Amino acid sequence: MAVNVYSTSVTSDNLSRHDMLAWINESLQLNLTKIEQLCSGAAYCQFMDMLFPGSIALKKVKFQAKLEHEYIQNFKILQAGFKRMGVDKIIPVDKLVKGKFQDNFEFVQWFKKFFDANYDGKEYDPVAARQGQETAVAPSLVAPALSKPKKPLGSSTAAPQRPIATQRTTAAPKAGPGMVRKNPGVGNGDDEAAELMQQVKVLKLTVEDLEKERDFYFGKLRNIELICQENEGENDPVLQRIVDILYATDEGFVIPDEGGPQEEQEEY
């Protein structure tokens, strides 16, 4: 069973973000560049496999996860490993999967202390354990949806406006008989770019609204799940029925890996 670590205070033993990334990359032979990339949960799953072989169904971990429901699936695998090894830590999944620096940095600081308290120094080949898989580069929850239009060169909404403005200012000083014919083309390009930018804004607002609605209901389901876990030893048939409904819903939602949720359902 695992040695639990409860201290969350900031001390001189805490690593900086750069040192933390160096430790993770060296230990797991990864190439993470940002703390935010830990939001996929894959690195934590492999660390658990390193600490407690067999505690994690590593073959089911999605190291190339790029979507939030894939992150959640990885954290469900991690939660199952925590439960199996008697780890008391509650994983703030709903916060971690957002990919925000502060939430992920706080959790990895705790995990580093947990790792140090449980690591026995045995040899471990991380690349062979994950069958050569590498983590996805810079996972983002919103950027992939916004980067689909091909005309804007950057992922942000402001970036495409700058070259457009440059085209206007450079065209004005060169106004003359040879250049007047090209102005309509530039104007059409501006109109097309403006229309694409408007579409991007609409899509972004739609995504944000859907994420808020999803997070609202996910938070409620997560709270219900925690209550059920806290009282799971009471053998209450009502609680068991609630748990069955919760995980049946998850199984139907996470379509990409039909085998994973069923096994985790038994572990919970």
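First residue shown is number 1, and so on along the chain.
From the backbone N, Cα and C atoms, a Cβ is placed for every residue, glycine too.
Marked as compositional bias 'Polar residues' by Swiss-Prot: 154-170. Per Swiss-Prot, the feature domain 'Calponin-homology (CH)' maps to 14-116; the stated evidence is sequence analysis. The domain 'EB1 C-terminal' annotation in Swiss-Prot covers 185-255. Under the heading N-acetylalanine, Swiss-Prot lists Ala2. Look at Swiss-Prot and you will find Tyr124 tagged as phosphotyrosine. Swiss-Prot lists Ser155 with the feature phosphoserine, giving similarity to another entry as the kind of evidence. Positions annotated as region 'Interaction with MTUS2/TIP150' by Swiss-Prot, on the basis of similarity to another entry: 124-268. As annotated by Swiss-Prot, region 'Disordered' applies to 146-180. Here Swiss-Prot flags 206-211 as region 'Interaction with APC'. Annotation source Swiss-Prot lists region 'DCTN1-binding' at 208-268. The region 'APC-binding' annotation in Swiss-Prot covers 220-242 and rests on similarity to another entry. Look at Swiss-Prot and you will find 232-255 tagged as region 'Interaction with SKA1'.
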Composition by DSSP (helix, strand, coil) of residues within the domain 'Calponin-homology (CH)' (14-116): 68 helix, 0 strand, 35 coil
Nearest-integer angstrom distance between the alpha carbons (Cα) of the residue listed as 'N-acetylalanine' and Tyr124 (phosphotyrosine): 18
Around the Cβ of Tyr124 (phosphotyrosine), the count of other Cβ atoms that are within 10 Å: 16
For the domain 'EB1 C-terminal' (185-255), the number of residues DSSP places in helix, strand and coil: 66 helix, 0 strand, 5 coil
